[in-house]
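A short write-up of the structure that comes next.
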């Protein structure tokens, strides 16, 4: 990216002033690298962001196909962009979670913030030591838009492999309402019973959503 009418373009600005000096539009333009015939890469970046309401969260949650469908983007640019966004997510996890002690449901909710905006249900098993420090985690299932599947066998296989003393099971409600369903309550009871048999404590089952969370432990249901 060269100078445009005397103005420093994104790559030059990053070299001179660092990445924090760039707007989101400019950062996305660097990832896209090139525009298309008749459209500068900064214009393409603007079009792409506008397609997802200017929200990095919506852009991050979009599928490759949805991103690639923006005129001028295509699959190659979409793949590069998704990879960059995923690296950002993983960096956030490293910065915010390690080390981490999950001794309250509020901390669990903050720990799993990336789950609350997903459009599909996922189930995460967080493995803990005796002091409630995180020693591992695993995403078990990706459900449909309105249900997920949690099987005690899979939950405690993860716990045993991590040599965990306890586990916290977390899943999201894409609807935005964290209120547990009848199925959620049933699986919580099954997980509790299985944990008692195996000697691995079910520390909590937490449902997270955009409007908050529900903790079975906090509500006295565990």
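Here the Cβ of each residue, glycine as well, is placed from N, Cα and C on the backbone.
The domain 'MPN' annotation in Swiss-Prot covers 101-222. Here the domain 'MPN' (101-222) has a mean pLDDT of 90 out of 100.
A Cβ distance under 8 Å defines the sequence-distant neighbours of the motif 'JAMM motif' (171-184), meaning residues of its chain 6+ beyond its ends; these are 112, 115-116, 118-124, 145-148, 150, 205, 207-214, 216. What Swiss-Prot records for 171-184 is motif 'JAMM motif'.
Cβ neighbours within 10 Å of residue 184 (Zn(2+) binding site), excluding its own Cβ and spanning all shown chains: 20. In three-state terms derived from DSSP, residue 184 (Zn(2+) binding site) belongs to a helical segment. The annotation Zn(2+) binding site is assigned in Swiss-Prot to 171, 173, 184.
Per DSSP, the domain 'MPN' (101-222) is made up of 37 helix, 40 strand, 45 coil. Sequence-distant neighbours of residue 173 (Zn(2+) binding site): residues of the same chain at least 6 apart with a C-beta under 8 Å from its C-beta are 121, 179, 207, 208, 209. In the structure as shown, the Cβ atom of residue 171 (Zn(2+) binding site) sits within 10 Å of 27 other Cβ atoms.
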